[in-house]
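To start, the structure itself, in structure tokens.
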Amino acid sequence: MKMASKISGLLDKFKFSKQTFLLILAAFVFSVVCRLYWVYWAGEYQHFFWNDQLMISTNDGYAFAEGARDMIAGFHQPNDLSYYGRSMPTLTYFLYQILPFSFESILLYMSVFFSSLIVIPVILIAKEYEMPGMGFAAALLASIANSYYNRTMAGYYDTDMLTIVLPVFSVWAMIRLAQKKNVNDLIFIPIFILINDWWYPSSYSLNFAMLGAFLLYTLVFDRKNALNYEAVILMIVALTYIDFYAKSALAVALYLAMRFRPQIWDKRVVAACLALAVGLLGFSGGLNQILFQLKFYIFRGVSESSEPVFHFYNVNKTIMEMSDYSFEFESINAFAKRISGHVVTFALSLVGVAALCLKFRSFLLALPMLLLGFLALKGGLRFTIYSVPVMAIGFGYFAALCVNFFKKDKILDKFCTVCLAVFFAFFFLYFDKYYSLLHGKSPVFAPNFDGEASFGVYLATFAAAALICGAAYFMVSGLSSLKKHALLEKICVFCIASISLMPCLEHIYGYKVGTVFAKSEVESLDKLHKIAGREDYVLAWWDYGYPIRYYADVKTLIDGGKHLGRDNFAVSFALASNQRMSANMARLEVEYTERNFSERFGLNLNQMMKDYNATSVNSFLYSLNSKDFRPPQKTREIYYYLPDSMIDIFSAVLRFSNLDLNSGEEYGAIFYPGKPYSVDGDTINIGGGFSVSGDASKVYIGEREISVNTYFETSYDEKDKLVVKKHEMDADGKIYLIFMKDYRRFLVLDEAVLNSAYIQLFVLENYDKELFEPVILNGAVKIYRLLR
């Protein structure tokens, strides 16, 4: 009974006040409503629907969807790379069991609600500093800032929906302990670290950085506080690489001992437990993950060495989210917008973060998240999302500082008048812009006044400004006469917060991304599902791996989680080489991949060379073009998935195999997809510095003129059959030109790329009947079965 009463008393300490609850609820509803706009927009397009529901908008989401689907079915195939049993599929499976919604609906809306939970820890952090207005303004901004919205919008079914929420809860737990110094608060830090580790194992480095920050904070500012050292012990235990349930039980047991047997925790016991925890961390391999993350994101070079003799292309060079920012205005401006919505908001947020750290040292514990977000300047734009909540809190604090400053000097009414006037001005500008856009009219106030605007526009602008200022003045004057100063403060915070949200709301309106696949593509995969078996393989680029496995229930060689240079090489080689070499490599890679699951011989290419008695990798690869080459015995079917959308990334696909594996040196390749943007005399501008002569006999690359060897024109007839017209132009020409009439697309390419399996099978449908058999042919997707 005594223990129960203590636990009950502990829980009573964490009840929300009515004000806190209402602020959280209002911010949460705001976040949800903003995310539902994409559902409203996408709902107008039937090609985004499958099974009577909108499809998801992120490739990686299909990995988790596949795992959840397999959990619902109760099984999955051995070695199929399914995410069966992982955190995201497990949560989805649980929701599917208890909610009366379809599986597709759960996938669509999970991110809407779970990502909106970010408002809770943000408001709780502000509550620790007794600044609810700051917390509310910060929560609104954090919930829809550009990069956070992009990665958590409706349909973005990915771990990102909680990847930021959980670390911010950890930051709140550390700040609460630092501020309150209450033993009851010890348990929150390991709980959120453990949940975060379960949800997103890649968060380990961030959790470790938080541990370092908390330890440094303790040594510098609070070294005599024994609770902090006990918290460090719990954090280290939560970070050890031992069984999840074992370390969870150990952390809870240690907390209970700290909470209910405080007399045994003297300096020697704390030091001994700390040493044991550090030993357990090192022994379990806790540092290995950090070293891997540093190598993958920071110390990345041009090539990636898997074996001493093979130099594969580094995938980081082809992923947009890993592209770093240059220190130019445009790049820094884009960086600032991703974090705060606008460069001005970003600058004010930085000021607020610095001021908050000076006022409350405990906010220094949030710096690991801030710095990880700033790592985007080197590690790629995917990291900006981590800075969003910290910078939002900084902006909220800046708003609170402004209000307090003018309140202290007794000119709050004047400041409130300015805030209201600016708010009304921005509101009417945005309203004018988007109301006019929706109704097909020209905005009244939005045009830049460059001398072309009429006198009436200037007059209307002046009248509107006067009306706005007058309305703001009379509103504030009325409240001031009634001595409603508390209400004036709220109005100021509301106006500042609203102004900061307008660029973010504009971004939400303009960020209209489509679903990963269109309905026609899914229909093709659904047909393949009825043809192929679960043990069959589909050869496709890694961008398509997860969706293919989800819709067709087959195996793939590479996907969004398996796409290092050594993984991509064989698939790139199969897509970029001629049909015979492609067929041989596809069969080799599939059969050796299956063998590798049981034999564990490492790199497939090494084992291939051993089995074929090859000493030179280049000679071995060239041998795949021989009619005498004997591939491994066929154990399963292989299908080639060739979508039209791969045209845009085929240059990147080529890089992974168009190189010397001995040195990493890239071979030259010419491939450019362009569209006719304009006609300039006798030439057609197709973008990218490329132009085509009107008779298709010449291609111009800048000022350079190159003769065309052969010109192809493709189109579909009334029966949706591809018709290819071939025109030989100049036998000595080094460039080939293809005009895909129905796509309004030109392809400029050299002979090697022209003969590649992708171009021959998808663009020209010129397949070797001894090697390939068409299964599905349409304008969006072409699927072939390998015959050998």
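Any Cβ shown, glycine's included, is placed from N, Cα and C.
Unlike curated entries, TrEMBL annotations are predicted automatically.
Some features that TrEMBL has for this protein:
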DOMAIN    24-410  domain 'Oligosaccharyl transferase STT3 N-terminal'
DOMAIN    534-662  domain 'STT3/PglB/AglB core'
DOMAIN    671-749  domain 'STT3 subunit PglB C-terminal'
TRANSMEM  21-40  transmembrane segment
TRANSMEM  106-126  transmembrane segment
TRANSMEM  161-178  transmembrane segment
TRANSMEM  198-220  transmembrane segment
TRANSMEM  232-257  transmembrane segment
TRANSMEM  269-292  transmembrane segment
TRANSMEM  339-358  transmembrane segment
TRANSMEM  387-406  transmembrane segment
TRANSMEM  415-435  transmembrane segment
TRANSMEM  455-479  transmembrane segment
TRANSMEM  491-511  transmembrane segment
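Cβ atoms under 8 Å from those of the transmembrane segment (387-406) belong to residues 118, 121-122, 125-126, 131, 133-139, 141-142, 145, 147-148, 164, 168, 171, 339-340, 345-346, 348-356, 359, 363, 366-367, 369-370, 372-374, 376, 412, 414-415, 489, 492-493, 496-497, 500 of the same chain, restricted to positions at least 6 beyond its ends. Sequence-distant neighbours of the transmembrane segment (21-40) (same chain, 6+ residues past either end, Cβ-Cβ under 8 Å): 54, 57, 108, 111-113, 115-120, 123, 132, 135-136, 139-140, 143-144, 149, 152-155, 505, 508-509, 511-513. Take the transmembrane segment (198-220) and the stretches 161-178, 232-257, 491-511: counting Cβ pairs under 8 Å, 161-178 has the most. In this chain, the transmembrane segment (106-126) lies in contact with the transmembrane segment (161-178); the count of Cβ pairs under 8 Å, excluding pairs fewer than 6 apart in sequence, is at least 3.
Under the criterion of 3 or more C-beta pairs below 8 Å, with sequence separation of 6 or more, the transmembrane segment (491-511) and the transmembrane segment (339-358) qualify as touching. Tertiary proximity for the transmembrane segment (106-126) is limited to same-chain residues at least six positions away from its ends with a CB under 8 Å from its CB atoms, namely 20, 23-24, 27-28, 31-32, 35-36, 39, 53-54, 56, 61, 65, 68, 91-92, 95-96, 99, 132, 134-136, 138-140, 142-143, 148, 152-158, 160-162, 164-165, 168-169, 171-172, 175-176, 366, 389, 392-393, 396. Broken down by DSSP into helix, strand and coil, the domain 'STT3/PglB/AglB core' (534-662) contains 71 helix, 14 strand, 44 coil. Averaged across the domain 'STT3 subunit PglB C-terminal' (671-749), pLDDT in this predicted model comes to 92. As a summary of secondary structure, the domain 'STT3 subunit PglB C-terminal' (671-749) carries 3 helix, 51 strand, 25 coil according to DSSP.
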